[in-house]
Structures are given as structure tokens and as C-alpha cells.
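Notes for the one structure printed next.
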Amino acid sequence: MKNKLPPFIEIYRALIATPSISATEEALDQSNAGLITLLADWFKDLGFNVEVQPVPGTRNKFNMLASTGQGAGGLLLAGHTDTVPFDDGRWTRDPFTLTEHDGKLYGLGTADMKGFFAFILDTLRDVDVTKLKKPLYILATADEETSMAGARYFSETTSLRPDCAIIGEPTSLQPVRAHKGHISNTIRVMGQSGHSSDPARGVNAIELMHDAIGHILQLRDTLKERYHYEAFTVPYPTLNLGHIHGGDAANRICACCELHMDIRPLPGMTLNDLNGLLNEALAPVSERWPGRLTVEELHPPIPGYECPPDHQLVEVVEKLLGTHTEVVNYCTEAPFIQTLCPTLVLGPGSINQAHQPDEYLETRFIKPTRELITQVIHHFCWH
């Protein structure tokens, strides 16, 4: 029953008060079961059918799909339920208590992105879902902030094929139709230790890594020269050497050296092609030192994403908002949802607040976000 649904600010408050941190470090990682239960109960109260999906390979994480309406097509509104960990020493407020001050709603997940579900629920209390001519789906996913396991698994297992989808990440209500992907790898070189007084009796892993880095930097130049997408502020794939460690003493030949690096591919670049380019770049080192160099994934890769600029979803949203779509450098779940249907990233709050101490969402987004959700439901589910 709709009258059981709490007021907007109380929905928001309950979502923020329910911890759902995702982290690679097990001690910090939390289940999102409590948040999924909250959302499932509220959508059931609104008359939706609700399915809760365990996500394999996670620490008790779940997706939730709420659906209403019959037939094919329709609209999918999607978002993730998890937040990043917080630095207690840098927050001046309780991260799990929603507080309002000076036109801002503070709390962990207010912008990124629990708030989007509060907006959806509050908007739907004024929508007669029994009159929808096409289905409306609400997807809440797990582990976006780490592996994107929830969106990956959902996209691999669902038969759902909506007409289009909107992911409510904080974009300041500016529609995003493309972003780069992310590949992160560990390059590991195994040498042979020995006393530094006799270098010929060992194989110095740092020296081999120095050689490997030279080839990787040549690959960086190749990517910059070969691939371009002028809509991006950085219009080429970037390659970054982010972390290196090797050796344990000045008087020992280094036995192991490890490098962490990432590549941000443009939309349209396949992950297989990029991995092939990396292996090709490192081939001279591998051939000279067989069995001593390995490449492993640090995290599951995320492909680049693009919604066709001439798709109806882009045209409708640009008309509703009176603005043009943008492209961004950060990653979202859009590449996985895009395998189901054309997808835009569009939601309240600023990306500049994501992962920040004293995270907040400005209250000026409340009215236009409600209006936008109402308008897209009307357009894609009532016509």
C-alpha cells in the first residue's frame, strides 16, 4: 500500500542509516542485505513484483529487481546499493546519519548513490502503475564500487530487454552517453637473488622491470597516436604506472619486482585487443627471459561505453532537460546494462562529491529529479 511508504526524507534517512560498504579488504566489506530488504519491502508496498538475486563470488551480496507492467520493452531505472569506505578522521558528521544544513543533505551515499532510490520511490507514490502500457523496472545492484559484480552477473543472467535504461549516478542531472573503460594489471618479474658483490650469479628483477617499463611506455605512445575520440577532454586512451615494489636490501640482487598499471580504453576498443597490445609490447622481454614475466588482472576489466547519439533515449532526454549529452572519464555500470538496451547515465548530485568526506547532495536537485523521473516514466511506459 502506498500509504505505508514513509515520507521522502525518511526514506532517504533509512537508506543512509543502513551500512552497505563494499571493499576489497574483507575487514571493511559489508553485506548489502539490509538495504536490499528495505528497498524490496518498499517496492512491494508500491505494488511491484520483487526478485532478490544472490550475487555469486561475493560476501553475501544481492541484486534486487522490482518490476511492474506487462509486455516487452519499457524502462529500466538502475543504481548501485553500495558505498565506498569512509575515513572517520576526515568526516565532521556521522556518515550514517542524514543531516540537512544550508541546502545540503549530508551522509555516506547521499550522492553516490543511495539517494537515487529515495527519489524513485517518492516519485512513484504519485504514479498509478496499473495504467502503465509498458513495463517499468528498478534494478539495485551490488559491489559497483569494487568489482561491479552485481551488474556483471545481472547482465549475464537476465532475459530482460527494456527499450532503454537510465543509471542514476551523480551527474548533476547532465546526461552522460559515453565513458572510458578501465583495465588494471599486475606486471610481475621473477629474478634470481644473490649477493650484490657478484651480479653474474643472479638475475636482477628490477633491471628486467626497467626494460619492461620502457616497452610499456612505448605502448602508451602508440595508444595516444593510434586512437582518438575528440569528445573526451583527454581524447586518447591513457596508460598509468601507479605502483611499483621490488627488492628488500641494497646488498641483495632483487628476486622479484611488481608493477601495477592501468589503461583507460575508449568506447569501441575491445579488451581482447588491448590485452593483445600489452602482451605484444612485453614480448621482447618475455622472449629474452622466458618464464620470468607474467601479467595478471588486478580487477575484472570494464569496457568503454557509448550510447548511440541518435538514439531515441538521447533525443528524449536532451529535449526534456534542454541540454546536450556529455562524455566523461570515470566508469559506471553502463557497459554492462548497455548489453541489454541503450543506456544513459543521469542522476542528481555532483560526481565531485563521490567518495569525499562529508559527502552531500544539494536540495536544489530534489524538484527537478522528481520531475525528470516522472517524465521519463510517462514517455517510455505510457506511450
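Even glycines carry a Cβ here, placed using N, Cα and C.
Listed by Swiss-Prot as binding Zn(2+) 1 are His80, Glu169; the candidate from Asp45, Asp112, Asp198 that the record includes in that site is Asp112. The Zn(2+) 2 site recorded in Swiss-Prot includes Asp112, His355, and the single candidate from Glu145, Glu315, Glu318 that the record places there is Glu145.
Asp112 (Zn(2+) 1 binding site) sits 8 Å from His355 (Zn(2+) 2 binding site), taking the C-alpha atoms as the reference points. Within 8 Å of the centroid of the Cβ atoms of His80, Asp112, Glu169, where the record puts Zn(2+) 1, the same chain has further Cβ atoms from Gly79, Met113, Phe116, Glu144, Glu145, Ile167, Gly168, Pro170, Thr332, Gly347, Ala354. Least packed by the Cβ count within 10 Å, out of the recorded positions Asp82, Glu144, Glu145, is Glu145.
Taking the mean position of the Cβ atoms of Asp112, Glu145, His355 as the Zn(2+) 2 site, the remaining residues of that chain whose Cβ falls within 8 Å of it are Thr83, Val84, Met113, Ala354.
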